[in-house]
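Here's the structure, in C-alpha cells; my notes come after.
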C-alpha cells in the first residue's frame, strides 16, 4: 500500500478486515491535525508521528494476527527498486501527487506486478503489463504554471499572489531559485519601457526604502529580517517601481502601494472557524510580522547556510504565505482569501471527505480480490459521480482499455519528440525541467546517438557536472538529433527526438510535440536496437494480449433514445472499436451507457454480459 493518508487509512483497515495477512505500507508524511477529520486511524495524540507507523499500529487492533511492515520513507528512494516491487502480489496506490504515481506505475511495469491506481473519487486502472493501459497511457492535464512576468508584475487572480508568496518564502528562507524571483520583472515584454529613463522615478519611501536592487535574501539578512523594512520593500517600494512601468497599466487597474500600519485603527468581531476567517489588512500585517519573526528565528537556530523547506502543514510557513498572498491581493484589488482557501490552493489540495475515501478504498479491495481470483477480465475502472446520473447511479464502471500504442512508458519502443531551442537549452534544463519534471524520471542517464556514444548526463554524482551549464548545441545536438535516456532505478528507457525551434512563446522552455513522434526522423530498423529499449519485462515487446479487445467491441450498441432500446439489439449499429471506454452493463436493467456529459439524454443497449454482479446499484 503506497500512501497512508485519506484513502490509505480506509484501505489498510479494509485489507485486514477482509483477511489480507501480509501487508507493507509506505508513507513519507507525518500526521497533521487537519488529517483527523477523515483519516480515522489517527487521533490527536498521534499528531507529528509517522503516518505509516501509526496506521500499522491502529490496523493491528482490528486484526492482531496480521503481519504489517511500515516504512516512514519516500517510495521514490533508490532502495525501493524493481526487486523490492517483485516480492508483492499486488500494489495498491493511495497517493496524492502525480510524480509518485508515475514512478510506481513504472516500477510495477518493470516488475510485472499488477497495480491498482486510485484518486479521491475515481478508482483508476488495474494495470497489467501488455493487457491494460498503464497510468501514463492517457495524457493527464498539465499542472498549471504561470508566466514569470504575470507572477511578478501583473497578477490578476488569487492563485498568482499565492504562487508569488511561495516564491517569496523560498527567496527569504529556503533554497533560492532564479526562476522564482519576486521582484518586478524589468524584462517584461509587455512593459516595453526604458529602465534608464524611468528608474529615477521610483522614489524611495522615506529612508527605509532607500535600497539597491540586490538579492531579496541578501537584503533581508542585512536588515536582520526586520519585518517592517521587509514589508515596505515588498508592498510599497516594489509596487511603486511597478507603477513606473506605465504601459502595463493602460488597460489594467494599477496597484496601490501599502504603508506599514503603525497602529490598529479599529477591531472587527469575527465568527466562525479561525482558518475560515478573512482578516483585515491590519490583521494580515500582524500575521506577516509574526511569521517573519518566527521563521527567521527557526533559520538562525539551524545555523549558518541553513534553509527552510515550505510545507503546507507547517503553521509558521502557512501563516507567512497566507499573509503575504493576501496583502498582495489587496494591493492588486482582489478579494482576500481565508487561510483555509490559501492552503487548499498553495498545497494543490482537492478537499476530501471521509465518505468518498471509504467508497474508493472499498472498491480497491473488491478489484484486488478479482485479480487474486484470476478474474482479470472482470476488472473495471470505476468513477464515483458527485451526483447520480440519469439512471440514478453513483458508481460508473468502465471496461479497461488496452495499452496505448503511443504511450511513452509502456510501449515496446518508447519514443517522444521534444521541441526546444538547442542554443538556449542547457544540459541542466534538459535534466531537471524536461526529463525529471515532464517525464517523471528520478536519475536519468543520457547518451547522444552520434555514433560515438557521447555521455551527456550521468546519474553518477560529479561525473558530468561540468556539462550542466553548457548549451545542448555545444555538444553537436541539433534538429533531428536523438538522445537515448535511461533511468536504471525505474528500468525505463526513452528515446528523445530533438526538434529545434526558435519560435517558442515567451516563458515557454519546451514543448512535447506528441505522444507519437510523427515529426521525428525515422528510427533505425535494427531489431537489436529496438529490443534494447524495451521497458520492464522482456515480454513487453510481444504483441499485446488484449488485442482481441477490438473484436469484442461489436457487443456494444449505441441508441438514441429510451424508446429504441427494445429494438436496439437488432437494429443499432455497432459502436466503433476506437478504444473508447465501454460502460459495464447495469445490474438491474442490463443496459450500458456511453461516457458523455449528464446533460445529454441518451441510453444504450446491453452487451451479452453475465458478470452483472460486479455492479453496485445505489437507488
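The backbone N, Cα and C atoms fix where each Cβ goes, and this holds for glycine too.
TrEMBL entries are annotated by machine, without manual review.
These come from TrEMBL:
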DOMAIN    1-384  domain 'THIF-type NAD/FAD binding fold'
BINDING   134, 137, 407, 410  Zn(2+) binding site
COMPBIAS  191-208  compositional bias 'Basic and acidic residues'
DOMAIN    418-505  domain 'Ubiquitin/SUMO-activating enzyme ubiquitin-like'
DOMAIN    515-612  domain 'SUMO-activating enzyme subunit 2 C-terminal'
COMPBIAS  525-547  compositional bias 'Polar residues'
COMPBIAS  551-566  compositional bias 'Acidic residues'
COMPBIAS  567-578  compositional bias 'Low complexity'
COMPBIAS  608-619  compositional bias 'Acidic residues'
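Within the domain 'Ubiquitin/SUMO-activating enzyme ubiquitin-like' (418-505), the DSSP-based counts of helix, strand and coil residues read 19 helix, 28 strand, 41 coil. Cβ proximity to the Zn(2+) site centre (mean Cβ of 134, 137, 407, 410, cutoff 8 Å) flags the following additional same-chain residues: 105, 109, 133, 135, 136, 403, 404, 409, 411. Taken together, the residues of the domain 'Ubiquitin/SUMO-activating enzyme ubiquitin-like' (418-505) have an average pLDDT of 92.
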